[in-house]
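Here is what Swiss-Prot records for this protein:
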DOMAIN    4-68  domain 'J'
REGION    27-126  region 'Disordered'
COMPBIAS  27-87  compositional bias 'Basic and acidic residues'
BINDING   154, 157, 211, 214  Zn(2+) 1 binding site
BINDING   171, 174, 197, 200  Zn(2+) 2 binding site
């Protein structure tokens with residue numbers, strides 16, 4: 001199964017156009033075959049381009065969200081996602097918009113983009129939820145418990161929607177087929193459409209009573225706790241797919257999937273920039289002047305960093321390989337440490353004399369008896 005387009009770009013399903021464009025530029029530069037050392041860079045680059053093409057086209061994105069990844073790709077192979085035809089590109093279809101395209105989808109897949117009739121097995125729908133993790137979890141990888149409320153097969157009627165001893169009769173509206181067929185004239189010719197029978201909800205049979213537990217739905221909502229494997233290096237907004245943890249299928253169809261969108265909490269020390277991390281670290285005036293070796297924090301413990309003599313406040317140093325793990329790739333990003341020279345708030349007598357001597361040696365004339373605020377007051 002190929003990767004969901006939202007996951008390819010690392011954006012949430014409600015991402016706007018600017019977010020998608022920004023994510024595309026970042027991914028495209030990361031996987032461009034001319035610069036990437038990833039052996040699968042060319043294929044990933046193609047996936048990124050395809051994801052951008054679909055998600056930046058309003059009609060294609062609407063189809064994609066409605067049909068899901070696999071069914072959208074199947075429709076695309078059949079040529080059913082050519083949105084230009086819905087804009088008048090096929091002669092006589094101008095003004096048809098999505099209505100005309102949806103008619104074609106229903107011909108291929110049935111209502112809602114499904115390839116099976118109601119009387120046959122139907123896969124359950126995918127469910128979506130969010131999971132919050134902290135940056136340490138995203139760095140090391142973690143197994144998290146997630147409690148979700150989801151539809152499950154009714155235990156009293158085994159998903160049938162009626163008691164096992166309920167009387168039944170063949171639906172007269174569809175003659176027991178569970179479907180009603182109509183023929184429509186379109187710009188592409190006569191199109192036969194098959195829809196679910198509204199009288200029997202596609203079952204072909206009408207029962208004398210419904211299950212009192214699920215009220216005929218065949219499903220009930222229950223709370224369940226799942227174990228979610230969060231991989232090291234995952235980014236904020238990326239989605240994990242849990243196979244078979246979605247809504248139950250119908251007529252023996254497989255369950256849908258659970259899509260877990262990862263949200264990473266802000267960190268008090270580090271800011272994340274892709275696979276890189278950034279932080280600020282204080283150093284003293286003597287350390288900046290003479291140079292020193294200081295300990296700086298990383299998500300894997302403190303490490304030593306050399307501060308050269310003459311370092312200026314705001315200068316940034318790069319620690320290679322001390323950033324985030326690269327998801328599904330080898331290695332880590334880098335850590336960028338911006339140093340800040342801290343001015344002491346108070347001095348003892350010895351420190352004061354030393355700084356006075358330093359100022360005099362440099363030819364600076366500073367009234368050390370009068371502080372800044374005293375100078376400011378006396379100027380008015």
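Sequential numbering from 1, following the chain as shown.
Including glycine, each Cβ sits where the backbone N, Cα and C put it.
When the binding-site residues 171, 174, 197, 200 are compared by Cα distance to residue 154 (Zn(2+) 1 binding site), the shortest distance belongs to 200. Neighbour list (residue 157 (Zn(2+) 1 binding site), Cβ cut-off 8 Å, at least 6 residues apart, same chain): 163, 164, 211, 213, 214, 218. For the domain 'J' (4-68), the mean pLDDT of the prediction comes to 86. When the compositional bias 'Basic and acidic residues' (27-87) is classified with DSSP, helix, strand and coil residues number 44 helix, 0 strand, 17 coil.
Taken residue by residue with DSSP, residue 197 (Zn(2+) 2 binding site) is part of neither helix nor strand, so it is coil. The record gives 171, 174, 197, 200 for Zn(2+) 2. Within 8 Å of the mean position of their Cβ atoms, the other Cβ atoms in that chain belong to 172, 173, 175, 176, 177, 178, 179, 180, 198, 199, 201, 202, 203, 204, 205, 206. Cβ neighbour count for residue 200 (Zn(2+) 2 binding site): 23 (other Cβ atoms within 10 Å of its Cβ, all protein chains included).
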